[in-house]
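So that you can see what the record holds, here are the features copied from Swiss-Prot:
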DOMAIN    61-165  domain 'THUMP'
BINDING   L183, I184, K265, G287, Q296  ATP binding site
DISULFID  C344-C456  disulfide bond
DOMAIN    404-482  domain 'Rhodanese'
ACT_SITE  C456  active site, cysteine persulfide intermediate
Amino acid sequence: MKFIIKLFPEITIKSQSVRLRFIKILTGNIRNVLKHYDETLAVVRHWDNIEVRAKDENQRLTIRDALTRIPGIHHILEVEDVPFTDMHDIFEKALVQYRDQLEGKTFCVRVKRSGKHDFSSIDVERYVGGGLNQHIESARVKLTNPDVTVHLEVEDDRLLLIKGRYEGIGGFPIGTQEDVLSLISGGFDSGVSSYMLMRRGCRVHYCFFNLGGAAHEIGVRQVAHYLWNRFGSSHRVRFVAINFEPVVGEILEKIDDGQMGVILKRMMVRAASKVAERYGVQALVTGEALGQVSSQTLTNLRLIDNVSDTLILRPLISYDKEHIINLARQIGTEDFARTMPEYCGVISKSPTVKAVKSKIEAEEEKFDFSILDKVVEEANNVDIREIAQQTEQEVVEVETVNDCGPNDVILDIRSVDEQEDKPLKVEGIDVVSLPFYKLSTKFGDLDQNRTWLLWCERGVMSRLQALYLREQGFNNVKVYRP
């Protein structure tokens with residue numbers, strides 16, 4: 001099988017040297033992602049496209065799906081690459097490929113040609129289109145808005161029969177821009193802003209301020225691992241967790257109620273800037289949107305920015321919440337965000353929307369900054385690839401099984417869309433569907449006399465959720481890995 005990777009248009013307008021660098025980086029990213037599925041595949045770069053060739057037909061859908069999630073790719077074409085002799089040979093091959101698709105439909109033929117031939121692209125379009133119209137009685141030519149467009153590409157003595165076109169996410173290849181550190185909370189905003197910077201070519205590291213204990217960190221790890229695994233797995237990134245409960249405690253004890261929200265955000269920026277400096281990261285990324293909450297007015301954002309020289313990027317600054325939620329739904333983080341608790345908003349009852357710098361600084365003089373230095377120094381830094389491995393260690397008390405007993409029920413915890421696309425069926429065994437984001441509220445409603453075997457496709461989510469349920473006191477859970 002063969003895929004043709006078409007570049008994001010902004011790459012094609014770069015200077016020759018920059019364009020070549022971007023294409024080289026994108027080629028490497030594609031190799032890094034796809035080697036997990038097929039180590040024998042070939043990735044070949046050209047001036048205006050990249051070819052991916054693989055032998056294992058069983059991996060076709062997996063490879064195609066992975067390609068559509070790599071930043072820098074505008075769209076991919078799944079093609080059948082065959083030799084041809086003349087225009088009539090092109091027509092005959094097109095007839096075999098497209099006959100079933102054109103039955104009872106309107107169609108047109110569109111051809112791209114490169115190389116030396118005694119015919120033009122329009123000649124091929126007319127010849128093939130006329131032939132298909134004659135040989136498929138129920139089909140009809142329609143040049144504007146047809147039901148089916150027959151795409152053909154002629155390259156020297158090769159004919160590319162395009163079997164399907166699939167849109168990519170666009171943007172720049174990861175690694176073409178410098179690294180950033182995303183302040184991730186697991187909510188709608190931080191997940192989307194992280195995705196937007198990945199799509200723009202940045203390697204995104206994650207910094208999490210833990211305000212809610214182990215369960216909160218597990219949830220945010222899930223989001224960060226999901227984003228990395230889905231859109232950024234071509235590169236290694238860090239996940240830095242900072243226990244911010246001592247900082248919140250100091251703020252609650254010593255800071256005036258109205259100033260708490262702004263001062264908490266200033267402390268977060270201070271801490272994140274120290275982490276960014278430690279690892280040579282150029283900018284911070286936040287999910288703040290103008291006017292969304294009290295700390296996100298222009299006055300307050302300016303005061304928050306003042307505590308650090310590090311550049312702070314806010315890709316969602318002009319977005320409304322509905323737009324952000326729609327983007328979260330598109331990239332797959334909506335379900336995580338809906339069940340993620342929001343801790344920042346509960347610490348201040350009457351937050352100021354227009355903080356005064358002198359008042360903020362006066363309040364901060366009461367704060368013991370050694371606490372902030374200590375939590376940053378003790379921050380837990382892990383390679384995001386180790387999150388799954390650490391989960392295995394953390395869930396060591398949760399048994400992993402590969403078969404089922406008479407009292408066992410398999411619990412499919414994938415999202416609803418995944419369950420509908422690939423329903424899980426195990427002969428002779430009950431399978432119950434309960435998406436992972438409903439486990440915290442709905443698992444207790446299940447029959448607790450049964451043993452529940454949590455299952456997801458790759459096993460990461462099931463282990464994380466098993467740990468969470470064990471922490472909640474449910475001992476009748478295991479991880480199912482057939």
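The backbone N, Cα and C atoms fix where each Cβ goes, and this holds for glycine too.
Among the residues the record lists as binding ATP, namely L183, I184, K265, G287, Q296, the two farthest apart have Cα atoms separated by 16 Å. Residue counts for the domain 'Rhodanese' (404-482) under DSSP, helix first, then strand, then coil, are 28 helix, 17 strand, 34 coil. DSSP assigns G287 (ATP binding site) to coil in the three-state reduction, placing it in neither a helix nor a strand.
Applying DSSP to the domain 'THUMP' (61-165) sorts its residues as follows: 38 helix, 38 strand, 29 coil.
Its own atom aside, the Cβ of I184 (ATP binding site) has 27 Cβ atoms within 10 angstroms in the protein chains shown. The Cβ of C456 (disulfide bond) lies under 8 Å from the Cβ of D412, I413, R414, F436, S462, each of which sits 6+ residues away along the same chain. L183 (ATP binding site) is surrounded by 24 other CB atoms, counting those within 10 A of its CB over all protein chains shown. Around the Cβ of Q296 (ATP binding site), a 10 Å sphere holds 21 further Cβ atoms from the protein chains shown. Averaged over the domain 'THUMP' (61-165), the predicted model reaches a pLDDT of 93.
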